[in-house]
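Novice: Straight from TrEMBL, here's the annotation block:
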type	residues	note
TRANSMEM	27-48	transmembrane segment
DOMAIN	39-282	domain 'G-protein coupled receptors family 1 profile'
TRANSMEM	60-83	transmembrane segment
TRANSMEM	89-114	transmembrane segment
TRANSMEM	135-158	transmembrane segment
TRANSMEM	188-208	transmembrane segment
TRANSMEM	228-256	transmembrane segment
TRANSMEM	262-284	transmembrane segment
Amino acid sequence: FLPLNRTRGIMNSTRLDSLNDALSKNLITFAISLIINFINGYFVYIYFKCRDFQQDPRYVLYIHLVINDMMLLTVSVVLQIMTYTMPVNFTHCCIMLLILVTTNSPLNLAGMAVERYIAVCQPLHHSQICTVRRAYGLIALIWVVSSIAPFTDIIIVLGTQPLSVFSKSIICYMSYVYNTPYHETQSVVLLLSFVLTTLIITYLKVVFTARAVSGSSQTSARNARNTILLHGVQLLICMLSFLSPTINVILLTAWPYDRTKILFGTFLFTNVFPRLLSPFIYGVRDKKFQSHIRRQFCFKCYNSTEKL
């Protein structure tokens with residue numbers, strides 16, 4: 001989204017932090033990410049504890065989204081802390097960037113939207129089309145498709161850089177690793193456009209179905225419509241991570257003397273806080289998860305009162 005020299009100039013500004021500023025920022029980031037991963041981890045715990053969730057393709061896709069968010073958050077925070085403390089080996093940096101630049105979340109959202117569309121618009125065929133086995137197959141396909149672009153980046157680096165570069169240490173930013181003119185953003189734009197189109201089509205189909213049916217079917221269609229709409233909101237928020245370099249340049253142009261504060265703020269709002277959306281958009285709204293959370297809470301309260 002940006003010329004590489006401008007991005008490099010921005011990223012170099014992390015060196016301007018004082019020791020106290022760097023320490024406080026890393027502690028804040030670590031604490032927030034720990035809380036978010038704890039909340040997400042609680043939903044993962046409930047999922048694996050109850051077999052009902054594991055036998056429903058909808059929840060299989062949902063928990064994959066949550067685990068993916070946890071993984072991305074952990075790697076991004078570790079990478080952010082490492083940029084403040086030490087240069088990273090080029091090879092290790094490439095491995096971490098392979099994880100960070102995957103586009104699993106948008107593709108997973110598209111899969112979840114299609115599942116809701118089938119549940120509402122093709123209810124008689126839902127159990128045959130949407131199976132747990134096919135959900136795992138879709139997850140495997142998502143990983144394959146989302147890995148094409150990052151592995152292509154690695155191949156480009158191998159073809160344009162000497163092998164000695166892999167033994168060097170660098171500041172681990174994409175602009176330092178992928179600094180050739182061959183790295184473009186068309187693939188990301190194309191993928192996000194595909195996901196957005198999928199969400200719009202499924203949303204409209206569900207809306208038309210909701211108008212045509214009545215009673216409990218209409219309620220189910222309305223819930224599915226709201227869920228797909230939330231998928232769209234989450235997709236837009238997911239896009240913030242791809243737009244963060246552009247956002248940085250816009251903000252730094254307006255406030256050039258607040259570089260470190262702006263970079264830290266955009267990192268939190270584009271890479272950290274969005275990872276909290278999955279449990280609140282889906283988990284807390286879902287009645288099945290609500291009942292299990294309530295049951296777990298009541299069980300713990302009962303045990304604590306018995307001990308007293």
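Every residue number used here counts from 1 along the chain in the order it is shown.
Cβ atoms here come from the backbone N, Cα and C positions, even for glycine.
Please treat TrEMBL annotations as automatic predictions, because they have not gone through curation.
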Novice: Taking contact to mean three or more C-beta pairs under 8 angstroms, with sequence separation of 6 or more, is the transmembrane segment (89-114) in contact with the transmembrane segment (228-256)?
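Specialist: Contact criterion met.
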Novice: Taking a Cβ cut-off under 8 Å, which residues six or more beyond the ends of the transmembrane segment (262-284) line up next to it in the same chain?
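Specialist: Sequence-distant neighbours of the transmembrane segment (262-284): 10-11, 13-14, 25, 29, 32-33, 36, 39-40, 42-43, 62, 65-66, 69-70, 72-73, 76-77, 80, 227, 230, 233-234, 237-238, 240-241, 243-244, 247-248, 251-252, 255, 290.
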Novice: Determine which recorded stretch among 60-83, 135-158, 228-256 has the most C-beta pairs below 8 angstroms with the transmembrane segment (27-48).
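Specialist: Looking at each of 60-83, 135-158, 228-256 in turn, the most contacts to the transmembrane segment (27-48) are made by 60-83.
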Novice: Summarise the model's confidence over the domain 'G-protein coupled receptors family 1 profile' (39-282) as a mean pLDDT value.
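Specialist: Here the mean pLDDT over the domain 'G-protein coupled receptors family 1 profile' (39-282) amounts to 80.
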